[in-house]
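See below for the structure under consideration.
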């Protein structure tokens, strides 16, 4: 146990030294990655406008005009809320708008009962909760000394707990999908342990860095949509998965920035 503790402390020291120059940029990068799937989705709707209209009207039964309004409202909401999230303005409204887009698109496109879609979007919602928690903590720090601010702190604890649990669902689905090989087994064990540590809030920041690293490699190797030319439909699905994974990585980076919150082992250890 002493050897494990020493190795853990040395690893944390190395990660701290490597990440120190990057710390000022992590929040901006995290928020940009988090909303990347919404920006990509908005651009795709505009580029494939006629195809989107045809699908909604022919296969989902949307009346003419309602389908136009639905797509237009989605594009405007995703672009506006993404801009607000990146610029840290009206973050609560941005999170609410992007959450509404996830839910409405799930029902509109008939994907709400697709397990893969459902798990991935729960993880994206976990990232949005991290963004909301960051806003709550920043607002609390900006309150003048002496003014009541306990409510924001209490809310951030619950929001961070929910965000941590939802974020790791993507990796859980990754573990149980695809061909099982030795490499996949090793990655699954390391990633699974990191997911558990993130969920309980033990060494959460360093575990989140491990998961970001694994997801980065996985995303480039598996979701390489730029190499698919023979099947545009398949290319769109892989591209969608690529940007959703980027968004979830952004959620983990926000966890690195704000910490696991009050309901975590890391926070409880400070009291002893």
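Placed from the backbone N, Cα and C atoms, the Cβ positions cover glycine too.
Caution: TrEMBL annotation is automatic and unverified by curators.
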118-137, 138-157 - the one TrEMBL records as transmembrane segment: 118-137
The transmembrane segment (246-265) versus listed stretches 66-86, 93-112, 118-137, 209-226: most Cβ pairs under 8 Å: 118-137
Selection from 66-86, 93-112, 118-137, 209-226, the stretch that has most Cβ pairs under 8 A to the transmembrane segment (182-202): 209-226
